[in-house]
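A.B. asks: The structure's right below; bear with me while I get my questions together.
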């Protein structure tokens, strides 16, 4: 009887997501904001609160985070990461400083304390590489001269995330200052060890995982990612980073194949993750935060535009391209919610979840739209000049 | 001509160059095998104003179309460079005894010493055809060898 209810509820949720996804596709926007809205509607205080399947959805959401970061790691190989770090450190640092600051400042102004400030810094910092990649591809910007700059910034951000997430997890664990320092040190040590191992011994891991049979490959990759994620969690490094590092360790043909196999699985559980975040957030609590979220979103747009312009100009790209680079960097999405999710789960500040939800809702929806709307304008201006 | 190569992290590679008439074009090689042919805007040279997405098969076909005349031209260049070596293009006529038969049955190399290096069919070059490659009327056979041996191949293809 119980299983039946869970199935009906889950089926309803997933089906609703499918319909919403189709709508988003037609409107040419990212489905992420719609998934969040669905979560808000199904959650406590929503129109149609669900109760029985919440445990399952919670585990599904965790899986979603692991799969999101695993597939992200699979996109890059270690050489690209190193090359990107070397060539774009300056642009990457400008990105970090300009875009982490608004979140941190707002959290401090609201009096949420330093822990929430670190979390909010992450929420405003990271561009959604998923949405941005889609914008670049949809608008035919992949061949553009500013695109390598944008992609390098995304790689830089993802690497920064690998360092940031364990630090955040340690801080959120709320240990004393000395204890916190030790936890952070352990976390960073673990990340470095795995990163070096991935760089130097990646091929052994690949040899272990490789299989001509897609079923075996899928099981091995998911199994390895989950196991490493679990161990990482135990070490306070956060499961997400563990999965990311497994993805980095795998490269070449194997990584493509694994990515192709994982995509549908990731799409399913990532959608569940967005719903879960929405479920946990009371829609009523977003409204008081809406004003702040909107201001923060506008500030973030300006800082990302500045970041893109700076990095593109360094690469010798003209005005129009600089503007496009900035616009491409605006979307926020999965990782900002991952970070907010971690903070909420650790009980950072009750208003952090709603603020992050509102903020991501605006930028995930508006980023791709802005790019689409502004494209003809930029072209016109470039033609005049 | 200078071809500029740029890495696109997470996507693949981009090769671009400027044509003599001043247009910039590029090929984006996706890791998935997809190829984009990109033409840049005259007024905003950083922007791709046209992107044509090609799958593996289409990209191969385009490459072959672009490459076909080049192979023949390169062969001609080659015979100009090497004294005593010529390449000739011999059409297979309707009346040729080898129209509709595998190329190997002509035993061209054994009998003359000249080599059939390519067969051009409907604008497509089939380089280094194997002996079981079936010839057809309308094909053009590219033969490399001495002037005498290539003439002998021409004779075989007409009279058997």
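Note: Cβ is positioned from N, Cα and C throughout, glycine not excepted.
What TrEMBL records for this protein is below:
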type     : residues  : note
TRANSMEM : A:6-25    : transmembrane segment
DOMAIN   : A:16-369  : domain 'Cation/H+ exchanger transmembrane'
TRANSMEM : A:56-76   : transmembrane segment
TRANSMEM : A:96-127  : transmembrane segment
TRANSMEM : A:177-201 : transmembrane segment
TRANSMEM : A:221-248 : transmembrane segment
TRANSMEM : A:260-280 : transmembrane segment
TRANSMEM : A:286-312 : transmembrane segment
TRANSMEM : A:333-350 : transmembrane segment
TRANSMEM : A:356-374 : transmembrane segment
A.B. asks: How about the transmembrane segment (A:286-312) and the transmembrane segment (A:177-201): at least 3 CB pairs under 8 Å, pairs 6 or more apart in sequence, or not?
C.D. replies: no
A.B. asks: What same-chain residues lie close to the transmembrane segment (A:56-76): Cβ under 8 Å, and 6 or more beyond its ends?
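C.D. replies: Long-range Cβ neighbours of the transmembrane segment (A:56-76): 6, 10, 13, 129, 155, 158, 221, 225-226, 229, 239-250, 255, 258-259, 262-263, 265-266, 269-277, 279, 334-335, 338, 341.
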A.B. asks: Please tell me whether the transmembrane segment (A:6-25) and the transmembrane segment (A:333-350) touch - that is, whether there are at least 3 C-beta pairs under 8 Å between them, with each pair 6 or more apart in sequence.
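C.D. replies: They are not in contact.
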A.B. asks: Are there residues at least 6 beyond the ends of the transmembrane segment (A:96-127) whose Cβ is under 8 Å from a Cβ of it, and what are they?
C.D. replies: 153-154, 157, 160-161, 164, 167-168, 171-172, 174, 292, 296, 299-300, 303-304, 306-307, 329-332, 335-336, 339-340, 342-343, 348-349, 351-352, 355-356, 359-360
A.B. asks: Under 8 Å between C-beta atoms and at least six residues away from its ends: which parts of the chain pack against the transmembrane segment (A:260-280)?
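C.D. replies: Residues packing against the transmembrane segment (A:260-280) from afar: 13-14, 17, 21, 31-32, 35-44, 46, 50, 54, 57-58, 60-65, 67-68, 70-71, 74, 214, 217-218, 221-222, 334, 337-338, 340-341, 344, 353, 357.
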